[in-house]
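Take a look at the structure set out below.
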């Protein structure tokens, strides 16, 4: 269930800081840091969201609203991190990597390819057994690969960045579509521009809001097709492929050919179904909904504290991860234990099954249940609202 905590984020007056003409342009107009006024003592003030950095916006409700909830400040996690480090600098001792991720990757990839061989060459004709295994086992492996690729995005599987890319490619062996390097780029952009319209590739597209709405059947279809949605959103960014993405494509083509030759077409089908099921209507994929779909006013990121974290490498600790991207999966629970006043006071989930059920059946939840911000507001919030007590450049450096 979703645990709620009563938190006062503070209310903001209509005009909280004199930007000396910076508000002349509309909020959704292109902006850069150079176009905004210089930061001075006179035009910078404490961020009113301190210390939890919850917004004062109301969540978007289908039927009443037609768009996402709109925040007028920057994404909260960098400032949350600095606020937490002011009280708990010892969290920096958790930074680093966990090389056990590499061995988990090798074992999981070998097991999944082994199952593909089993159904492609040994248990030929066991169609229903193959389908059930693809959902229960293969889907779980696929979800696990997603978590591993996520770790490699932040170079948390090994101290060396190049090795992390290799681990990501290894995890991609059990996935018949080249996603590791594209996910890396899109995911890092998501962290930098969380909720920023036109820059956060994790946000649903406008047509998803209009077509899906809050109809339960359409939401089931949307979750079922979520693997496709992720591809479409990435393509909608219109960015050229990076060299590593091209390498990923050729690497996956080669591994797919080898799977087809040695495991047969049925073995290849097993991997494809595992991919589709593992990123769709599967308990291991519910974290895609849990993480940023708004179940409460003012809170745009949610953690999950349940048994699924043991199987899927603590992927549910999402507030902790966004606050401290340098902490590997195995140490994320320690972040919460170290700073409980910052995490136990937020709303969180304890059941992925309930999250999925609520999202499908509750008419107040839909793809539009996200919080967004215009890029200009993000820049203004980042530059002109500071973490109380974090005044000087030396203080900021200490909080990194």
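Backbone N, Cα and C atoms are what each Cβ position is placed from, and that goes for glycine too.
The shown structure was predicted, so the numbers you read here are calculated from the model rather than taken from an experiment.
According to TrEMBL, the protein carries these features:
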type	residues	note
REGION	1-37	region 'Disordered'
COMPBIAS	22-34	compositional bias 'Low complexity'
DOMAIN	63-101	domain 'Sphingolipid delta4-desaturase N-terminal'
TRANSMEM	101-120	transmembrane segment
TRANSMEM	126-150	transmembrane segment
TRANSMEM	162-183	transmembrane segment
TRANSMEM	212-232	transmembrane segment
TRANSMEM	268-289	transmembrane segment
Q) Do the transmembrane segment (101-120) and the transmembrane segment (268-289) come together with 3 or more C-beta pairs under 8 Å, pairs six or more apart in sequence? A) yes
**Q.** Other parts of the chain folded back onto the transmembrane segment (162-183), taken as Cβ under 8 Å at six or more residues beyond its ends
**A.** 101-102, 105-106, 108-109, 112-113, 141-142, 145-146, 148-153, 155-156, 227, 231, 234, 242, 244-245, 247-249, 251-253, 255-256, 259, 268, 271-272, 274-275
Q: Go ahead and report the DSSP secondary structure tallies for the domain 'Sphingolipid delta4-desaturase N-terminal' (63-101): helix first, then strand, then coil.
A: 19 helix, 3 strand, 17 coil
